[in-house]
């Protein structure tokens, strides 16, 4: 841990502390874990390197997460759609999932993660895919079509306030605000 | 007289300097996260495998650890070290049994109140002196004040954050949008959680609210009533048992002396009651079949807390009314020893409980009776055990200043043992556990019956009970509080300290007045004291007025 502190420049460390919700120790730990994902030759320039998605998904914190692909897609700033992440994308992700991030930020990013077709609202297909992620793909735990229909019907009845058949960001945040456990469960800590 | 004032002022300046440097030290310490690395790592592994609900127990345990280490550090710095300087030699013999009974050799050590001197300690001629009486009462008092505000503040913060849940329970289906626990990173745990969620959804979809007939509702009400009577009856029976056992304890002690294994009977019985009656309550809860599972959890927790607080309450009543009035030489040390034994036996039972409750249960669940499966970690029961142990420790601080240090070590061992047992034996929780709501409730339980009860007991001890004549820092005084009032009287003669006297008369005594008012019924000892108090000055007249009310 002492070694990586000398690799990350002090000004960058200060800047990252300003821009994210992470503490100094968390940023240093993130740097260490990020460099371990890179091949040895690229570790010197970890700040500017990009890690391919397959490598990111080897992290134990993301490996078993049902939303791993959506997380990589949402936080990656890669222009060519390969969902690779730079160190700053990585810090961004950890910042949103950290202890100190506010409910607003978390609900905003949760909405983006659950918006599978990225059209800005959660429509029926988004909700179906979401429920599939939550219940898993196994034979026993998968919901039948009828059960899925009923569940989505119930969800839309309860949360779709303007009755347009989709859940927009403010309706989603309204649901989130009624669940105080959300902040502590929407957390990934290295 | 001037020496003691000098000593008191030096004590105050030393205290504030120490507090400042302690805070600075604490800040630099938290930057070296290597030291906190063990906790961080352990908590992360628990969260990754079992989720936020089980994690909340370990976070609560860690929070209690900070209360104990803080108490130990200030006791050690301000009471124990000066006592070491002024210690008398200990010529009692040491046998192994004393580690369990806390008697014998330990009576003449810093472990108990009785060993502390009431003198003003001088080490250097004409140098600063250290008033042990003031140090003792101020250290303990300051610790409780800090605890009070910390608990109040944490509780308020937690309550505000989780206020949402108190609104009308609207809609289960949409909660599915925010239930996924991103902490879980173990594959098996993820699959298990997905299966549980799927079951939950299917049950939710299928279960409509049945309209019960009048007859069925009446039967339900009768069953609830019977269960409540059974649980309260068990609690009362347990208290009666503990009370009679403690009276018997006193007789054994006066007849046969201290260092007997027989002294362990009371703590063992108390711990057995605390260990087995909760299972009876859980069984009652299963019989009752509540409509919402959340309600079942709350009822079981309320019954358990009533049991535990009654047992602690009856013990306090016994200590304050029987032991303090007994003819023994040093009643505070007797109380300290009782508490030491209770804490130690409770710790041993906690470890045994882990072994039998989780390890053996897993062996049974996997080899003999496979339908049972792996045990789940019972968060509610374990947190209430922690609250019980912490209540005992808080009561014991006045009588045994080393006790928080002992409890810190025991809680650390419990943390480690529970974590290992959890990883080895348990499966992740199947039912929904509203973590935020339950954590707030547990903090509230720690504050309201537990801490406030402790404050009342300590308050009664400090203001109304007469300290022993022959031992401890308050020997010969009419009450422990008299040390402070006498000090204020000496300060009145010095113009430099008039502000302290002003604060005392206008703020503290009026607060005390209201506190004593709220403590309720006058006891027979109080009636005795009012007759004596007629001869003393103003603060005690306030006391006598409230006693007659």
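Note that the numbers count up from 1, one per residue, in the order the chain is shown.
The backbone N, Cα and C atoms fix where each Cβ goes, glycine too.
Automated prediction, rather than curation, is the source of TrEMBL annotations.
Here is what TrEMBL says about this protein:
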TRANSMEM  B:42-60  transmembrane segment
TRANSMEM  B:67-85  transmembrane segment
TRANSMEM  B:134-154  transmembrane segment
TRANSMEM  B:221-244  transmembrane segment
TRANSMEM  B:264-284  transmembrane segment
TRANSMEM  B:296-320  transmembrane segment
DOMAIN    B:330-435  domain 'TMC'
TRANSMEM  B:340-356  transmembrane segment
TRANSMEM  B:363-380  transmembrane segment
TRANSMEM  B:392-417  transmembrane segment
TRANSMEM  B:438-463  transmembrane segment
TRANSMEM  B:499-519  transmembrane segment
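When each of B:134-154, B:221-244, B:296-320, B:340-356 is checked for Cβ pairs under 8 Å to the transmembrane segment (B:264-284), B:340-356 comes out on top. Remark: the transmembrane segment (B:363-380) contacts the transmembrane segment (B:42-60), by the rule of 3 or more CB pairs under 8 A.
Averaged across the domain 'TMC' (B:330-435), pLDDT in this predicted model comes to 90. With a cut-off of 8 Å between Cβ atoms, the residues of this chain six or more beyond the transmembrane segment (B:134-154) that come close are 8, 11, 15, 67, 70-71, 74-75, 78-79, 82, 116, 394, 397-398, 401, 443, 446-447, 451, 454-455, 458, 462, 473-474, 480-481, 483-484, 487. DSSP places the residues of the domain 'TMC' (B:330-435) in helix, strand and coil in these numbers: 80 helix, 2 strand, 24 coil. Using a Cβ-Cβ cut-off under 8 Å and counting only residues 6 or more beyond its ends in the same chain, the transmembrane segment (B:67-85) has close neighbours at 15, 18, 22, 110, 115-117, 121, 123, 130, 132, 135-136, 138-140, 142-143, 146-147, 150, 390, 393, 397, 401-402, 404-405, 407-408, 411.
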